[in-house]
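A quick write-up on the structure given underneath.
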Amino acid sequence: MKIKRIGSILTALLFCGVLLLFCAATAFLPKETISAAERRRLASFPSFSWDALWSGAYADGLSTYVNDHFALRDGLRAVNTAVRTTVFRQPTVGGVTELDGYLFSPQSALDERAIRQNAEKLQSLIDTYFPDQTVYFSVIPDKADFAPEALPRLDTDAVVSLLCASLGAEYIDMRSTLELADYYRTDTHWRQERLGDTAAALLEGMGLTLSDDLSAGTQNAVELFYGVLWGRYGLPLPGDTLVYCATPATESAVVKNLDHPDVKTVYDLQTTSPDPYDLFLSGASSVVEIESPLAQTNRHLVLFRDSFAGSLAPWLLTQYEKITMIDIRYIASAQIGAYAELSADDVLFLYSTSVLNTGGVLK
Amino acid sequence: MVFSSLPFLYFFLPAALLLGLTAPRKARNAVLLLLSLLFYFFGEPRFVPLLLFTAAAAWGCGLWAQKRRGCLPLLVICVLSLGQLAYFKYADFLIGTVNGVFGAGLPLLRLALPIGISFYTFQAISYVADVSAGRVTAARNPIDFAAYLTFFPQLIAGPIVRYSDVQTALGDRHVTLSGFSGGALRFCVGLGKKMLLANVLAEATADFAAAQTQTVLYTWLYALCNALMIYFDFSGYSDMAIGLGRMFGFDFPENFRHPFASRSVAEFWRRWHITLGSWFRDYVYIPLGGSRCALWKQLRNLLVVWALTGLWHGASWTFVLWGLYFAALLILERLFLAKWLARAPRWVAHLYVTLAVLVSFVLFSASSPAEALSQLGGLIGLSGTPLWDTATLAALRQYGVVLLVSLLGAVPLVPLALQKLRALPHGDAVCAVLQPVAALVLLVVSTAYLAAGSFNPFLYFRF
């Protein structure tokens with residue numbers, strides 16, 4: 001009976017202890033404003049109003065605040081991932097799979113409707129702005145395509161086939177130039193210093209030749225780059241080293257960014273973005289113009305793109321005197337004529353499969 | 001507010017335990033009432049007056065029934081309770097049905113459903129019915145009665161606690177150390193069932209819904225995950241409610257007794273959502289004549305009760321069909337199947353119940369009868385999909401261990417093992433050590449799942 005009583009006392013003490021410990025720690029520990037792991041601003045304490053109280057918005061706000069500022073949140077997220085992967089043997093946590101130190105976030109369901117919708121949007125750009133011009137497109141495969149084990153993944157061939165069938169543009173296949181090591185371990189993006197073959201394939205597709213090896217320039221390292229998948233996975237895996245390459249062409253290039261007018265350089269080293277990858281041409285931007293005084297031609301490239309192109313564009317600076325990069329996720333297609341010069345020698349659509357497979361993102 | 005949320009676990013619950021257990025004896029029920037109203041207000045502020053109105057109406061009808069035995073007080077509370085249930089829960093179902101049959105084009109009301117309305121209205125009816133029948137004495141103190149009807153552990157998802165279950169405890173209750181710690185352990189077990197199993201199985205069913213090809217094997221995997229998800233979600237919630245009740249000095253009735261160990265559908269329903277089944281038995285089936293009447297009346301009674309049981313679970317034809325499906329099985333068992341099952345090998349009976357239940361929950365979770373038929377066809381390869389594909393194998397890898405643990409947890413393996421352990425020398429000592437360790441691990445790991453922002457709605461929240 002005595003041992004039973006001890007068990008009861010321990011249970012009651014531990015239960016109440018855990019409740020009180022987390023309650024006090026959450027209430028009194030200093031609060032962060034930004035979650036680095038999730039790359040988002042954490043909720044602030046909700047402001048009180050009778051309307052908000054009666055509608056339930058105040059209670060919802062309090063719940064979000066407690067969830068966001070819960071004590072040891074990142075540590076608990078790591079426990080969640082550890083239990084799921086080791087006890088329950090779940091290979092994927094939070095949509096992220098770890099294989100040989102690489103994190104993958106494979107999309108498996110092909111959304112044909114979304115791809116056709118995006119193809120129609122791109123075709124409308126061709127019809128509106130480049131009706132008499134050869135337009136090129138290329139597709140950036142997800143790194144799950146190169147995973148060491150077969151993962152449920154988006155069928156890149158199917159994406160390309162759908163685009164080829166519905167888009168009046170010439171396809172440039174550069175997938176064979178890529179391998180797993182060309183991507184960051186903890187991020188979805190590719191590594192700039194390893195894109196030589198990819199840039200060469202794209203230029204060759206447009207009738208040009210890569211003449212300058214960006215990776216032979218100075219390779220600057222940003223230590224402890226924790227990519228977007230790192231935050232989602234939860235376990236404290238080692239970070240990557242983010243590398244950006246500097247050459248005379250990148251140093252002399254002048255950038256005009258519609259959304260970040262103060263930034264004039266290819267690499268935005270002062271960026272305050274929580275995503276270090278945003279140092280490449282300031283990350284998410286609607287219209288970016290790069291003038292390259294060291295270019296060997298006077299050609300102008302209009303590049304419709306997503307975030308992958310930020311690290312690729314510096315490879316093209318010796319072949320184009322001017323590169324206009326347009327991201328129609330952040331500017332409506334109908335408005336781009338007012339903000340960007342569209343009289344181009346070459347036009348390239350360069351999108352990753354994850355963007356192409358998502359409906360409604362291209363405006 | 002749901003139990004499996006960080007604000008409840010680490011702010012509301014410590015405060016509620018502190019206030020509820022330290023309040024002076026005379027003020028305890030008033031404190032519980034205030035805490036329960038705060039709990040409800042946090043999730044549904046607009047419907048607090050409706051909850052209080054129901055409590056006041058049931059209390060008044062109870063006193064009335066005590067003074068003047070007869071049907072009128074019961075009729076009044078039925079009209080008031082079922083009226084609000086009909087208005088909030090079934091109005092759009094009726095309008096939609098009328099529109100579908102007659103092409104009337106009536107606009108839908110699109111009303112929000114007050115949380116827990118299906119539970120507290122049934123408690124109000126059972127209370128007045130019990131007072132009318134002289135099974136309990138009416139509560140004199142409105143605060144005591146309101147504390148019972150609104151008591152937060154059972155307010156939003158049951159069990160359907162009858163006044164007679166807690167009448168004594170409402171008057172005078174003692175929280176013992178073993179009661180409190182047993183309640184804490186039960187709460188942690190329920191939380192673990194919800195967070196570690198039900199929510200992960202819900203992810204599996206969501207993955208199935210999003211899969212490009214729903215292969216035969218994947219459809220079976222879905223059917224299993226779906227049935228187990230519903231079981232662990234609801235029984236986990238019931239465990240949490242029972243555990244919380246114990247921590248406050250109340251003994252709530254059991255709601256689940258390992259239903260997947262049943263050998264007939266009738267037995268399944270004696271083990272599944274017991275408080276709902278007994279409610280329908282005592283307040284609908286028996287008043288209709290139960291099984292002490294002509295065979296055709298017995299069958300009619302079964303059909304009525306099970307159509308209502310289906311409708312209680314949701315305002316849609318799939319739920320009605322779900323109820324009638326069980327009625328059909330129960331009728332077959334009553335006519336001949338039960339005798340045949342009793343003679344059959346145990347595994348045949350278990351297989352029959354498992355298949356019957358899997359099919360039932362496919363129907364339960366489908367958005368329409370057509371979707372249910374398509375999925376049931378998928379189980380036997382009628383959908384024209386392959387036996388399996390890479391996505392099926394990936395799902396098996398992702399959820400295989402969780403599914404295995406769930407299967408083992410759905411049968412009384414752990415209670416049997418603990419029973420055997422206790423019978424061993426020093427078994428009690430081992431159990432006494434295991435109890436706090438289990439509570440701690442389940443609480444911390446469930447908190448980790450919550451902190452990771454797991455998908456977390458309670459299925460029975462809107463019933």
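From the backbone N, Cα and C atoms, a Cβ is placed for every residue, glycine too.
Checking TrEMBL for transmembrane segment across the ranges B:3-19, B:71-87 points to B:71-87. Within the chain carrying the transmembrane segment (B:344-366), a Cβ under 8 angstroms from the stretch's Cβ atoms is held by residues 205, 222-224, 226-227, 230, 259-265, 267-268, 313, 318-319, 321-322, 325-326, 329, 372, 375-376, 379, all 6 or more beyond its ends. Using a cut-off of 8 Å between Cβ atoms, the transmembrane segment (B:215-232) and the transmembrane segment (B:430-452) share fewer than three residue pairs, counting only pairs 6 or more apart in sequence.
For the transmembrane segment (B:71-87), the list of distant contacts is 50, 54, 57-58, 61-62, 64-65, 111, 114, 117-118, 121-122, 124-125, 128-129, 131-132: same-chain residues at least six beyond its ends, Cβ to Cβ under 8 Å.
Under 8 Å from some Cβ of the transmembrane segment (B:311-332) lie the Cβ atoms of residues 89-90, 92-93, 97, 118, 265-266, 269, 276, 299, 302-303, 305, 356, 359-360, 363-364, 366-369, 372, 463, all in the same chain and six or more residues away from its ends.
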